[in-house]
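Enquirer: Handing you a structure now.
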Protein chains: 4
Amino acid sequence: MRILFIGDVVGDRGVQMIQTYLPQLKRDLKPQATIVNGENSTPVGRGISQKIYKQLLESGADVVTMGNHTWDNKEIYEFIGSTNKLIRPANFPGKDVPGRGWTKLKVNQATLAVINLQGRVFLPPLDDPFAVADKLVTEIRKETPVIFVDFHGEVTSEKRAIALYLKGRVSAVVGTHTHVQTNDAQVIDHQTAFMSDAGMTGPAAGILGMQPASVISRFLNQRPARYEVETSEPGIMSGCVIDINDETGHATKIKSVLIDHDHPYDR
Amino acid sequence: MRILFIGDVVGDRGVQMIQTYLPQLKRDLKPQATIVNGENSTPVGRGISQKIYKQLLESGADVVTMGNHTWDNKEIYEFIGSTNKLIRPANFPGKDVPGRGWTKLKVNQATLAVINLQGRVFLPPLDDPFAVADKLVTEIRKETPVIFVDFHGEVTSEKRAIALYLKGRVSAVVGTHTHVQTNDAQVIDHQTAFMSDAGMTGPAAGILGMQPASVISRFLNQRPARYEVETSEPGIMSGCVIDINDETGHATKIKSVLIDHDHPYDR
Amino acid sequence: MRILFIGDVVGDRGVQMIQTYLPQLKRDLKPQATIVNGENSTPVGRGISQKIYKQLLESGADVVTMGNHTWDNKEIYEFIGSTNKLIRPANFPGKDVPGRGWTKLKVNQATLAVINLQGRVFLPPLDDPFAVADKLVTEIRKETPVIFVDFHGEVTSEKRAIALYLKGRVSAVVGTHTHVQTNDAQVIDHQTAFMSDAGMTGPAAGILGMQPASVISRFLNQRPARYEVETSEPGIMSGCVIDINDETGHATKIKSVLIDHDHPYDR
Amino acid sequence: MRILFIGDVVGDRGVQMIQTYLPQLKRDLKPQATIVNGENSTPVGRGISQKIYKQLLESGADVVTMGNHTWDNKEIYEFIGSTNKLIRPANFPGKDVPGRGWTKLKVNQATLAVINLQGRVFLPPLDDPFAVADKLVTEIRKETPVIFVDFHGEVTSEKRAIALYLKGRVSAVVGTHTHVQTNDAQVIDHQTAFMSDAGMTGPAAGILGMQPASVISRFLNQRPARYEVETSEPGIMSGCVIDINDETGHATKIKSVLIDHDHPYDR
Ligand SMILES: [Fe+2]
Ligand SMILES: [Fe+2]
Ligand SMILES: [Fe+2]
Ligand SMILES: [Fe+2]
Ligand SMILES: [Fe+2]
Ligand SMILES: [Fe+2]
Ligand SMILES: [Fe+2]
Ligand SMILES: [Fe+2]
């Protein structure tokens, strides 16, 4: 099967990019499953709302993943429990964590499992993503070898480490969170597709999608500054497309997707 | 002028990649200046030695930059003071810091200044890189507008923030340290070339160039594990080439350079 | 002269403790100068307001110091510039930082200088507190050798390091920020009084003065939880009293001050 | 029963303090069980050796606890598996972690359980100490209500949070790691004895027991500096003594123990 993954959607501009380009990408690339990271999709760039979640689905997402901003918009507590298409990092600790950390969907005759995990280097100490992945993957592989992992993490070492740790056991490990696409898309040992970060989807001119002035001001002064989502026109949309052998679960190809001013969409 | 920049050279394999491909790249791309980040160039991947420094120069580097591993091999204290082609982050604090944080070289009729800076997000609290950059750039621009900055940092926000902060005042800001090339090479507002990270040069199969087994073991066990440089064959060489208008100091073009198994060198 | 220092005042309960016990302490201990850290003195435990600032002065404070919460209540921007009795960490970076980082006051025939500094270990990268202290102290000592430093920091190593660095050049280095009084009050080499942390002033039953339930919930779940100031009755008041030789600036004695349920005030 | 706890023993000076004063303290205070934190007891202040471990036992320790330096001296791997009197933080992750995280000993007719845990704030992401404590305590209480916890952590909030979380279920939570004794020994709600940090045992003049010059140099220059254990004469010995009702497991009293130049031992 072919999977299309789109990285962190930021603010209104990000949702607009999804609405504009996701249908075109799906028409042209013909993925059988589409996954979108929506952890920054509210207008303020923190968390997700039910309205936006539905817009992402209507634009073509089959599964929406999250990250460290999962709970920033409290509205998520109201609906995450009643859907299996919205997942949050599986390694959030504690009893009765709302929502779920992985999901599955039928794709043709096969089953695709999607896992969301969060790294711990320079991020809060959730449960060990390596241990949680190990356990989940072992369980899921009893049902299907086609497994996609959105690993939401800060540093390249942790992302590559978990990809190598899961190599041959999952179809793909794609990083999110840094909001900058890396140029290292690769299929490791003809088994597991990997790229350190898919990149973001939203306003191109910002810093992580936020207005530069306040971000720079905070670096200069180290005093609190309110970050506002960048609203200027040029947008960026980032992700990747992965081909997987449904029988073996092995990836055969990964290719980055990038639409921005320097890379206009023309297909 | 045209500048070729090569990201963090790691271990013997990294030095070999430089020796093999840098002459070819220089012959084909014809840069007038070549800059190489050498902070991981010793056999153990930490710091630099005089022998390797000379090898990098002999292979074609005009300037060698460093980063957070600058002082890891104590031998650097013996020779950094007697060369102006090896620079370390300019924002190391304290009195009488050995070596220098920027240098300049004659390129045709113009002067190229090269500045090395280190970020502070998830890295030690050196002096403020924004303030140091501001001061250095103001000073240097009295002599030349052609300024290249190797910004050694962990996170994408800090890297893009300093690029936007210096926009129009320097020719290029290129990130190093994550060892993974980003896919965001761009000339911001027709003024300053930028990419979040140039990527690394060395053994492709490692994690940051280190053997995966010990890195993964440390993630699993959180106990001390000795990291050894990966020694397996396939190598990677990463960087970028930047064209600059000598009169204005504005960049006109930036293009990533990537040589690895999936991107063999053929020119 | 004798100086009374009171550590981080937290919320309404903290202000009440000041109003109740500071006059008594002053009457009994007879300090010539009283310094109070007010960085958590608003009802929500973050920052300071003009009203509370005045209440602290009316209760007997001569100087109010701050810390990492300095700017949390934006109201401070309105009045910090028009008083020399409210100081914030002197090492906040940037141009035209509002307010001042040190102040002085006449005490009998002598002059007492009070400096506020913030540490950088596990705290934001302000300017180097060692370098800023070195410069300030050199300047101030031209006028007076009696210098008190409120060093607002997280870890014991940094606090003791700056005390030893400034030993003989300042009269006292007293730590704040951890909200727990340490049992290490000492005069180092008959020169500089030191204690790692003066402790907090406010509701005794909380965690840092905050209601335990939400703090514990955050540790258990790693999801956002709103911290509210603890409101239950038993209060705590922490600080120290220091005797200084006005001629030499050397401390002769330091003694901790602690009032709580187990240490009722009886004098 | 009465328990004597001694905080982080640092270097040769720390072991000497134990040898000199532990027998005296035991003779005078008459504890039925003695626990010593030995994570810094090698001559270089990192980890423990078999020889020193035996010396601590010979001097009167019944149980030795560890912390973040547990594995720094590799020799521990050789003997930790064959003793039940040396424990390391119970929340080290991974399969087949050498050694054990808790132990028990017969004290008169009762059983004392000792648990070692490590915090995660500003420390590596071990397994969740709250969850591990919850599980261990539930299990151990089937056998005995008398439980002592050495919680090795950096910040006061995490230490107090776990004490309140375990309140009524364990007899005592005593913090270690900061090497500075806090002045907050208390029995919370007549149930659980607590103090944020017991303090260190070793050379008094150092910073964390290390020679100040290199620690200060690192703060000033942010370059690598080798830390050596302070060797000068004056020593410090820190800890606490706790009385527990064997039937209920509730603490009835906690009192800090401190021997240094300003607090000479005279009994
Ligand atoms: Fe994001
Ligand atoms: Fe994120
Ligand atoms: Fe590097
Ligand atoms: Fe680096
Ligand atoms: Fe505070
Ligand atoms: Fe604070
Ligand atoms: Fe220790
Ligand atoms: Fe420790």
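Here the Cβ of each residue, glycine as well, is placed from N, Cα and C on the backbone.
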Enquirer: Per TrEMBL, which one of D:His152, D:His190 shares the Fe cation 2 site with D:Glu39, D:Asn68, D:His177?
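Expert: Answer, per TrEMBL (Fe cation 2 site with D:Glu39, D:Asn68, D:His177), from D:His152, D:His190: D:His152.
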Enquirer: Among the recorded positions D:His69, D:His152, D:His177, D:His179, whose Cβ has the fewest other Cβ atoms within 10 Å?
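Expert: The recorded positions D:His69, D:His152, D:His177, D:His179 were compared, and D:His69 has the fewest Cβ atoms within 10 Å.
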Enquirer: Looking only at D:Asn40, D:Asn68, the binding-site residues on record, which one has the least crowded Cβ, with the fewest other Cβ atoms within 10 Å?
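Expert: Output over binding-site residues D:Asn40, D:Asn68: least Cβ neighbours within 10 Å is D:Asn68.
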Enquirer: Are there binding-site residues in D:Asn40, D:His152, D:His177, D:His179 whose CB lies under 8 Å from a CB of chain C, and which ones?
Expert: D:His179
Enquirer: Going by C-alpha positions, which of the binding-site residues (D:Glu39, D:Asn40, D:His179) is nearest D:Asn68 (Fe cation 2 binding site)?
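Expert: Looking at Cα distances from D:Asn68 (Fe cation 2 binding site), the smallest one goes to D:Glu39.
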Enquirer: Provide the number of Cβ atoms within 10 Å of the Cβ of D:Glu39 (Fe cation 1 binding site), excluding the reference atom itself.
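Expert: Excluding its own Cβ, the number within 10 Å is 31.
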Enquirer: Could you say whether, by DSSP, D:Glu39 (Fe cation 1 binding site) belongs to a helix, a strand or a coil region?
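Expert: Assignment for D:Glu39 (Fe cation 1 binding site) reads coil.
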Enquirer: How big is the gap, in Å, between the Cα of D:His177 (Fe cation 2 binding site) and that of D:Asp8 (Fe cation 1 binding site), rounded to a whole number?
Expert: 7
Enquirer: In the same chain, outside D:Asp8, D:Glu39, D:Asn40, D:His179, whose C-beta lies within 8 angstroms of the Cβ mean position for the Fe cation 1 site?
Expert: D:Gly7, D:Val9, D:Val10, D:Gly14, D:Asn37, D:Ser41, D:Gly45, D:Gly67, D:His69, D:Thr176, D:His177, D:Met200, D:Gly202, D:Leu208, D:Gly209
Enquirer: Taking the recorded Fe cation 2 site as D:Glu39, D:Asn68, D:His152, D:His177, identify the other residues of that chain whose CB atom sits within 8 Å of the mean position of the site's CB atoms, giving them in sequence order.
Expert: D:Asp8, D:Asn37, D:Met66, D:Gly67, D:His69, D:Thr70, D:Pro89, D:Gln118, D:Leu123, D:Gly153, D:Thr176
Enquirer: Name the secondary structure element type, per DSSP in three states, that contains D:His152 (Fe cation 2 binding site).
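Expert: Where D:His152 (Fe cation 2 binding site) sits, the three-state DSSP reduction gives strand.
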